[in-house]
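Database features, via Swiss-Prot:
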ACT_SITE  183  active site
ACT_SITE  185  active site, nucleophile
ACT_SITE  207  active site, nucleophile
BINDING   57-62, 114-115, 136-140, 151, 211, 237, 242  NADP(+) binding site
């Protein structure tokens, strides 16, 4: 497995059917964090020509799509996954052509690591020497952040700092291009509609507050150390690979189960919440384009169209031939089918202590500067997700 340095610094093991690298060796970065250098253009060009990407959060929705994209473009892709008692690599297992016999010439490698462990991050950066870093790892569930605020800050805020500082400590500040997955939750209690790169932030959750620190520390390293460090302020983006606890996937999974007679109804929170939903596959293309631009900058990535959770439900149930009729208000609101069977209920337990009522992005800057524009519509997205979940639930009702 490639590590970018000596073979002796890499120890590998096979876990399940995936080979994971445990990187050792910190010497290259000791005492370097305060040195300043100007990298010659030829050296910089040769470094970047290697096309080596490091992805944190590679086992998630975005990480898996991004890995596919980068591999298709000829990159060597390294991903960081956390060691745990259970496997969470289902979204990326297909990227291994022959995982058991997979050796050093592979284009795809996984490494154990954690955003709370700075020494581990320094070792990985030192050994891999990535040309591009895509920082997607986070505790990204807004409601969970109210239950785990300190952990959310440790991973989402300080974790971003640790990764940036690992690059700086290894004297790769002027060579590595860094992408930080920022979020539309920064806008929270929105100050204008739609939201652009110039809209003031007003975070409304521990998650959003932690991500705001992440946003500004990226800007700080860009300005302080001349690092090619960028924020992608991504509005909600979904896919069949979306985590099961997020509202869109919760809806499409439940609709699939209902269509197969495995479930009767679904409980949700704020049905009136308005969101700008896009497809994750398109959004990772924007991430890549951000790092190919001539200069580092921050970009809103969004569709510019808005739907409520209620409308998302309507679209999902329409895919199984059911038209919902809505009755009541607030926690008393229900959605019934034509036979009067309640399909959607509202439960107070899914409300957040501070709600974000509306998010709508203005991605004109990305369109003009990067040539990026969302193409998949919400009805198309819902159709794909419901169809995928029906296939999943047919084969494995307990999934």
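A Cβ is built for glycine as well, from the same backbone N, Cα and C atoms used for every other residue.
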Recorded positions compared (114, 185) - the one with the fewest other Cβ atoms within 10 Å: 114
Cβ packing number for residue 60 (NADP(+) binding site), 10 Å threshold: 24
Spatial neighbours of residue 207 (active site, nucleophile) that are distant in sequence (at least 6 apart) but have CB under 8 A: 139, 140, 141, 142, 144, 145, 152, 156, 183, 185
Secondary structure of residue 137 (NADP(+) binding site) (DSSP, helix/strand/coil): coil
For residue 60 (NADP(+) binding site), the three-state class that DSSP assigns: coil
Close in space, distant in sequence - residue 237 (NADP(+) binding site), Cβ under 8 Å, 6 or more apart: 62, 277, 278, 279, 280, 282, 283, 301
Other CB atoms within 10 A, centred on residue 57 (NADP(+) binding site): 22
Residues near residue 137 (NADP(+) binding site) in space but at least six apart in sequence (CB under 8 A): 56, 57, 60, 80, 115, 155, 159
DSSP three-state assignment for residue 185 (active site, nucleophile): helix
140, 183 as recorded positions, winner by CB count within 10 A: 183
